[in-house]
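Okay, so here's the structure we're looking at.
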Amino acid sequence: MIPYVKMMPYVNEYDTPECKTLAETAKKSIRTPESLGLDRCIQCGACTASCPAARFTDYSPRQIVKKVLENDRSVLESEMIWSCFYCYSCNLRCPRNNSPVTIVQVLRQMAINEGIRVEKLAYFLEIGEHLGENGASKVPGAGIKNMEKDLGERWIGIKRKLEPIRSELGLSARDVRNTHGEVQAILESTGYFEREKWIKARVQEKGIRGFLKTDRTGTSCTEKKKNSGDLGFESDREYTGQEALTV
């Protein structure tokens, strides 16, 4: 654990329970199914062989599982656990029903709780601020526009018929009038706002710029405002040019 960093507030004991070993924490996490085959791992490498990230990086689900079984806590500070993008191919291919992707999720949260690699959360600050202020996440405008290009009139037709489609599926009409207050109540009760303050403080300590609201206002970047879709989202906020971190 990094000594000068205060642990994240509202650490969920069910998410990362305090145990003697990494393996026990992974197995007892609320994220983990009872059928997890961690102790049955035979290090066959099927997980790494099927992993898309392993083809282009040094990421190895097999090595991560090995470190967890050996209780090697250096894995919490490893860049490797941030290369997974949760496709679950490793879980699908494992002959022992292990789930390296689930283990990685637990390891990431453990690292964050201890103030390790907090910069990986910087990119998500804007999304979190938007959710807290407006009760909704950001709209992936670029993705929608690309779908229009790929699918043409078919996609436009789907958009126009969205409400009839919802009706056919038995879904209620969209009503977001009270969403903001409800979302804020959930965020408040779960300690989200305290976590957000903690993350912002760590980001500022590390000198990471371009992700806090104060970084995006009152600067010369107004002349270079990014268009909708540069980061895959529509936004009316201003950026300093700092690109998103890959997590």
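In case you wondered, yes, glycine gets a Cβ from its N, Cα and C as well.
Source: prediction; values computed, not measured.
If you check Swiss-Prot, you get these features:
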type	residues	note
DOMAIN	32-62	domain '4Fe-4S ferredoxin-type'
BINDING	Cys41, Cys44, Cys47, Cys94	[4Fe-4S] cluster 1 binding site
BINDING	Cys51, Cys84, Cys87, Cys90	[4Fe-4S] cluster 2 binding site
COMPBIAS	216-240	compositional bias 'Basic and acidic residues'
REGION	216-247	region 'Disordered'
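Structure coloured by features recorded in Swiss-Prot.
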| residue | record | DSSP class |
| --- | --- | --- |
| Cys41 | [4Fe-4S] cluster 1 binding site | coil |
| Cys47 | [4Fe-4S] cluster 1 binding site | helix |
| Cys84 | [4Fe-4S] cluster 2 binding site | coil |
| Cys90 | [4Fe-4S] cluster 2 binding site | helix |
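Measuring Cα to Cα from Cys47 ([4Fe-4S] cluster 1 binding site), the binding-site residues that fall within 10 Å are Cys90, out of Cys84, Cys87, Cys90. Cβ atoms within 8 Å of the centroid of the Cβ atoms of Cys51, Cys84, Cys87, Cys90 (the [4Fe-4S] cluster 2 site) belong to the same-chain residues Cys47, Ser50, Pro52, Ala53, Ala54, Tyr59, Pro61, Phe85, Tyr86, Tyr88, Ser89, Pro100, Val101, site residues excluded. If you draw a 10 Å sphere around the CB of Cys44 ([4Fe-4S] cluster 1 binding site), it holds 13 other CB atoms from the protein chains shown. Remark: of the binding-site residues Cys90, Cys94, the most isolated position is Cys94 (fewest other Cβ atoms within 10 Å of its Cβ). Neighbour density at the Cβ, taken as the number of other Cβ atoms within 10 Å, is lowest among the binding-site residues Cys47, Cys51, Cys84, Cys87 for Cys87. Within 8 Å of the Cβ centroid of the [4Fe-4S] cluster 1 site, not counting the listed residues Cys41, Cys44, Cys47, Cys94, the chain contributes Gly37, Ile42, Gln43, Gly45, Ala46, Pro61, Arg62, Val65, Cys90, Arg93, Pro95, Arg96, Asn98, Pro100. On the 0 to 100 pLDDT scale, the domain '4Fe-4S ferredoxin-type' (32-62) averages 95 in the predicted structure. Around the Cβ of Cys41 ([4Fe-4S] cluster 1 binding site), the number of neighbouring Cβ atoms within 10 Å comes to 22.
Looking only at Cα atoms, Cys94 ([4Fe-4S] cluster 1 binding site) sits nearest to Cys51 among the binding-site residues Cys51, Cys84, Cys87. Cys51 ([4Fe-4S] cluster 2 binding site) sits 13 Å from Cys44 ([4Fe-4S] cluster 1 binding site), taking the Cα positions as reference. Checked against Cys41 ([4Fe-4S] cluster 1 binding site), the binding-site residues Cys84, Cys87, Cys90 differ in C-alpha distance, with Cys90 being the nearest. Cα of Cys44 ([4Fe-4S] cluster 1 binding site) to Cα of Cys84 ([4Fe-4S] cluster 2 binding site): a distance of 19 Å.
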